[in-house]
Amino acid sequence: MSPNNPCKYCKRYLVGKYLTIAGWEMANSKPQIDGFASYLCENRAHNQVWEEDNANNGKKWSTLEHKGPFFPPEYEPLPSNVCFVYNGKSIKLSLAAEEVATFYAKMLDHEYTTKSVFQENFFNDWREEMTEEEREQINKLSKCDFSHMAKYFLEKTEEKKAMTKEQKQVLKEENNRLTEEYGFCLLDGHKEKIGNFRVEPPGLFRGRGEHPKMGKLKKRILPEDITINCSKDSKIPEAPKGHRWRKVQHDDTVTWLASWVENVQGNLKYIMLNPSSKLKGEKDWQKYEVARKLKLKVETIRRLYREDWKNREMKIRQRGVALYFIDKLALRAGNEKEEGETADTVGCCSLRVEHITLHEEKGGQEFVVEFDFLGKDSIRYYNEVPVESRVFRNLKLFMENKDPEDDLFDRINTIYLNKHLNQSMPGLTAKVFRTFNASTTLQDQLNKLTTADMTLEEKLLSYNRANRAVAILCNHQRAAPKTFEKSMQNMLDKIAQKQQQLDVAKMELKEAKKEHKKAGTERTRKLVEKKEAAVKRLEEQLKKLQLQMTDREENKVIALGTSKLNYLDPRISVAWCKKFNVPIEKIYNKTQRDKFAWAIDMTEEDFQF
């Protein structure tokens, strides 16, 4: 089937199922329909798949068969010459205690192990794995010496780095064999790639930011912990010898293949289809189309929530101010959590009085709200934002006669907010605002920062700056990489070396011009041209290094990947690449290109979010 002439089955499938869900206006969407239908035609057995009935009662598939998850190997005890030392004396640990000790030893040079919360959580959980005798002997982490273990694992790492090409090939072939066996499933008779088919090995929980549970033991996941999901008539995956699955179910309304509950935070973990799969691609496409539809409604919604600020009912006023923050600051809506179950993280609806400070004037601006709270993954959100006077007055009203630990928005919650938004536009939730504002910001920044006469490196710097604006909006932070200072020093050394080469080349050009002025021969003319070309080449190389250094410095504590994968419509990036002749490989790696294959296939350079 021609990419530019999709089959009627693909078009009928999209129109009947996804376009109605996304709320598309059919008259304005034909190029997009044809584009995505073309992608489906090229990547699926269209004459079989699209005539199947996939749209009844939330059913995601008819048949699903797979091999189940792949488990990490059992713990291998340390050699007898590698010892654990407590208070200056070598101790032979029990197998369970030794395994947990190795988790800490492997992280000995990491910043985490210097944090008191990490140390305390690790030590408490480690003692639970010890025998009674070990608990009597080992009662202070400060007296524990893990250096021998750490040295052993460092040597193992170096050995792995020094492996021969042949040894690496053997490992690669084994990984390929496992991927072929466990990394694919049969979905409605078609072979689909699975995301991560490996069960996460045991270790120590790190978390992000100052997470209160960092250092806790992530226990080994057993088959008895896992629920398998497959179709009734398929071959049920075999559990490892001597084990059995916790449960086998046949739920065709979900797309996960296996699930379990991790012990640290009590969260459900899943083995899912690969992001490049048909179902995932369709879901992504649908998500961004809902966000695009919001673009047509957003001014009306903004007008309505501004009117809410004046409403006589306190609940309506709180709803209006909360929506203002979710829209203006891209705050997460926030969900209710059981006290003590997870870190004290909040979103907009769960803000407490203690999380904001009001300033009539600050930094030359009026009506400033100072936010300071822990957001998702315990990442601190700190921001000083000037707001409209009526918002400021409402916040004062919401805070009256309340203690610091009281809810700021005590009349509303996320469920109520999303129900209200859905009445304004079908499918609209607070999360859609985040996707909409992130994608709109990227589009606006790219339009503003990029010009056709830029070099490739300048264009990439512009792209990363646009992406960085989104990451800042969404509060996507990270700790500076451990190797940051070293890599920056290496970059400075390269720049200094290149500058030196350029200075020499300019001197040589000056001498060549003098010689040509005296002699005026063909030989001296060619020499001048050669030296000019060398200077130009070195200037371009120096500029490229300087741009790379600027980019790296600006990205030091900003995580660009989260927004790129989850909040930014990939069609914006694809269209930008096509318009400005930037190779798509410079923006998306292989895994990301697979995930966004639908966008790469369907998008032309004139696409605007």
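Numbers here mean position along the shown chain, with the first residue as 1.
Each Cβ is built from the backbone N, Cα and C atoms, and glycine gets one as well.
Curation plays no part in TrEMBL annotations; they are all automatic predictions.
Database features, via TrEMBL:
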type	residues	note
COILED	154-181	coiled coil
DOMAIN	204-581	domain 'DNA topoisomerase I eukaryotic-type'
COILED	488-555	coiled coil
ACT_SITE	TYR567	active site, O-(3'-phospho-DNA)-tyrosine intermediate
Which residues of the same chain, at least 6 past either end of the coiled coil (154-181), have a Cβ under 8 Å from a Cβ in it?
67, 70, 197
Local confidence of the prediction over the domain 'DNA topoisomerase I eukaryotic-type' (204-581), expressed as mean pLDDT:
88
With every protein chain in view, how many other Cβ atoms are within 10 Å of the Cβ of TYR567 (active site, O-(3'-phospho-DNA)-tyrosine intermediate)?
25
